[in-house]
Amino acid sequence: MKVTLPDFERAGVMVVGDVMLDRYWYGPTSRISPEAPVPVVKVETIEERPGGAANVAMNIASLGASSRLVGLTGIDDAARALSQSLAQVNVKCDFVSVPTHPTITKLRVLSRNQQLIRLDFEEGFDGVDPEPLHERINQALGQIGALVLSDYAKGALASVQQMIQLARKAGVPVLIDPKGTDFERYRGATLLTPNLSEFEAVAGKCKTEQDIVERGMKIIADFDLSALLVTRSEQGMTLLQPGKAPFHLPTQAQEVYDVTGAGDTVIGVLAATLASGNSLEEACFFANAAAGVVVGKLGTSTVSPVELENAVRGRAETGFGVMSEAALKEAVLAARKRGEKVVMTNGVFDILHAGHVSYLANARKLGDRLIVAVNSDASTRRLKGDTRPVNPQEQRMIVLAALEAVDWVVPFEEDTPQRLISEILPDLLVKGGDYKPEDIAGSKEVWANGGDVMVLNFEDGCSTTNIIKKIQKNS
């Protein structure tokens, strides 16, 4: 088994399926409405994230592969928001606009980390002419190494059989994350990736490993599949292929925070790895490692090449660098067992300059290990505006991890790192600038745990904003 990452940059993948926009409204609630016995939420933060097939496409793009997305949308603000969000992460969208239907949108209202209600805005696309989708697939088949069909039963894959046959005729593997119990719809696919409950809904309850193997092989034969991958949560995943022994991979998840979107990550990594020229067994190996990373994050997430490389090389256990939250907790625990003092700071670190380097070096001198928590791209946009960050999250983390002063780099999605700090609980929390210690996010949690909080001065004359202005002035 190879442990070097696939050459994702040479991979081209098309995703066809049910695209949707996930909207999140966050805010505090402190009273009950006088109109009805329901809480009143004062909305303070609004987030929009691509969902469904769009999340699969984002997972492929996050690896550095060429990612194309085809689906059905309305002609509305949600469709425009989807296109803009996906363009920012290098997903090439080729939507079919249907003027009679709205773009599928799911709105969630949350307060104090609890979802209060979900509102679905959708109208099934069943009955919509599938020919424009077929045309887009045909045009791309000579330029892609894999086709993913992402089925959420919203109508985009009503003609899934024709799509499978188009790809088979061109010799392009077809990977499908199935929906429902009618696997006949997917006859002739290269690979189906049901989770255990989806598998058992078709095959029946499995009491033993042998039951899974025997019933899985029957499904392969009955529906003319090339392979079947059963994802089994904490039990890992099992690949079944005709004429080959079952290939089982135990889970690599160190700690599970959220399984949202894990299936999208699995099929995205599978497709990108196959399109890179690797075997199906190798694709499962990398997909399993990626799943172990993504469930260690909160919310729907993607996996970067750096995170995937760390996972397959075991750097989370023995080394340093960019890490998931779950891996970082393990590394910090090991450091404390060695009697090391852990220092933590945070920031955007968009364009790294001398002031940053000096500040991080000074922070590192205050302890034995330095953690740098980095705002994700979405978090940075909310904090700094739509023109930021200049450098994407992965590049910012790679540069930080290369600094001698920095031991661990971890991203966070929220507006502040308060939740992350409360999970890590460093011995010393450091922030640069003119903050008061009590105003620093996470300070109360660190103090309550017996730690310290300190403010360090930034080097005069060094500012990312000033650098950007200077570049703009000279361009």
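A Cβ is built for glycine as well, from the same backbone N, Cα and C atoms used for every other residue.
Taken verbatim from Swiss-Prot:
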REGION    1-318  region 'Ribokinase'
BINDING   Asn195, Leu196, Ser197, Glu198  ATP binding site
ACT_SITE  Asp264  active site
REGION    344-475  region 'Cytidylyltransferase'
Starting from each candidate's C-beta and looking 10 angstroms out, tell me which of the binding-site residues Asn195, Ser197 has the most other C-beta atoms. Asn195
Among Glu198, Asp264 [recorded positions], residue with fewest other Cβ within 10 Å: Glu198
Cβ-centroid neighbours of ATP site Asn195, Leu196, Ser197, Glu198, 8 Å, sequence order: Pro194, Phe199, Glu200, Ala201, Val230, Thr231, Arg232
In sequence order, what residues of the same chain, 6+ apart, have a Cβ less than 8 Å from the Cβ of Leu196 (ATP binding site)? Cys206, Val230, Thr231, Arg232, Ser233, Gln235
In whole Å, how far does the CA atom of Asp264 (active site) lie from that of Asn195 (ATP binding site)? 12
Where does Asn195 (ATP binding site) sit in the DSSP three-state scheme? strand
Let's see if you can do this one: DSSP helix, strand and coil counts over the region 'Cytidylyltransferase' (344-475), in that order. 55 helix, 26 strand, 51 coil
